[in-house]
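Among the features that TrEMBL reports, transmembrane segment is placed at 16-35, 47-66, 78-98, 110-132, 152-172, 198-217, 237-260, 272-292, 329-350, 371-392, 398-419.
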Amino acid sequence: MWPYLKTLDPNASIDFFGWVVAVFSAGQTMASFMFGVWNQKTRSTKYPVSCGIVLMGIGNLIYAILPILQNGQKWTMLAARLVVGFGTGNLSVLRTYVAIGCAQKDRVKALSLGIGMFVLGLSIGPAVMVIFTPLGPKGFHIASFPVTMYNSPAIVMVLIIVASLVVLLTCFEEKYAGVINNNNDSSVKVIIPKFDKISASICIAVWFALQCVATNSEVLMTPLSMALYNWTNHDAIFWNGITIAISNVISFVIYVSIALTKIGKIDKRKMILLGLAGFSIYHIVNIPWPFYSGPLDYITTESNSTVEDTANSGGCSRRYEWCKYTTRVPLPVFLLSSTVFLGFAYPCVGSPSGILFSEIIGPRNQGFMQGLFAFVGSIGRFSGPIIATVLFERCGYLWPMVLLLIILVLCIAAMMTFYRRLVPLKLIPEIGVATPYKTGIFYRF
């Protein structure tokens, strides 16, 4: 997106780019909660999801036609990202259905495959970008409409959205197998205890940290790699696309392994801690340590010119004072950590935290709580780009890395402190133990 934005408006700053990334999450933040309430009240999955898909299609269409607009292109990009973000709020509904649309014994497999399919989509995205890089920034024209390496992925996305909407409306059959006291079954009445709010809050905090890491990588990867390794726009899109694709393929393989092998039976708390440790190592090695080489090179400009054209020359912008003293993370370290450590850590945190959260809530309608889960994660995706880009502009990539490292350490500390409470909801409490539920307290004798 960063090279696309610079092509549309050469005067656009990285601060504005941070807002372009952030409004996606702002839309998702608002919509996740709204879609969750819609699902909770109507017990419908098909219609909230359909609404979100239509919004994503509209947003991607607007994003694709930006080159033919005469003015206000960067603001229209901002609006397009907001609409797409609002549409992705339906992920909370999809997560809810996956959690309660299957029996308890199948929940680990269903959630792992569901999140794995999501990650597969993430891995296909960068791969599609790489496929279209031969088009270059100019591409070709259909009548007066330009098709370039920047807007062609959005065009493909519109076609995929149309196909998915047709499949949803014609093939999807809504059934709930994992809800006790289903409104449609008056013969089953089981008292469901209240869930542990501290345990649920820790799962939400871990999800928040995961989203912060993901959005920080998304917003800074291109400008950071261009500054560190003197990559041009084309180089950054191509090599970062391959890096992200490899990372997501690793993640997808692990997600499938969790769903289909004995790996899924490993204690979810241990897997989450292992994943958080992987994220921490990634941030530690990508801190600009004094023993790394440096300082960074400035973008090469033409003689008698001050214009920094990143289409032809990469490097660190002269607008950044920190280029003079910031060291360069070795390229092998950057690539290894971005593929192996992130590819390993995402599924170790993403899948177990979602499964554990669902198990802590228990076999009740989870629309509201899953909406809250997605809502807090979206707050991380909204605030992360703004904070990261401001820090990047002011002091380089040191403090974005340190800030996220602190968040990860706090999550690890919280999990270690409440480790014994991070367990699935017990439907049958111990004999004689007071157990709170919706309308009071009950005892088992």
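The backbone N, Cα and C atoms fix where each Cβ goes, glycine too.
Note: TrEMBL annotation is automatic and uncurated.
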Is it true that the transmembrane segment (398-419) and the transmembrane segment (47-66) have 3 or more Cβ pairs under 8 Å, skipping pairs fewer than 6 apart in sequence?
no
Thinking of Cβ pairs under 8 Å, which stretch from 16-35, 47-66, 237-260, 272-292, 371-392 has the most of them with the transmembrane segment (78-98)?
16-35
Any contact, the transmembrane segment (237-260) to the transmembrane segment (16-35), with at least 3 Cβ pairs under 8 A
no
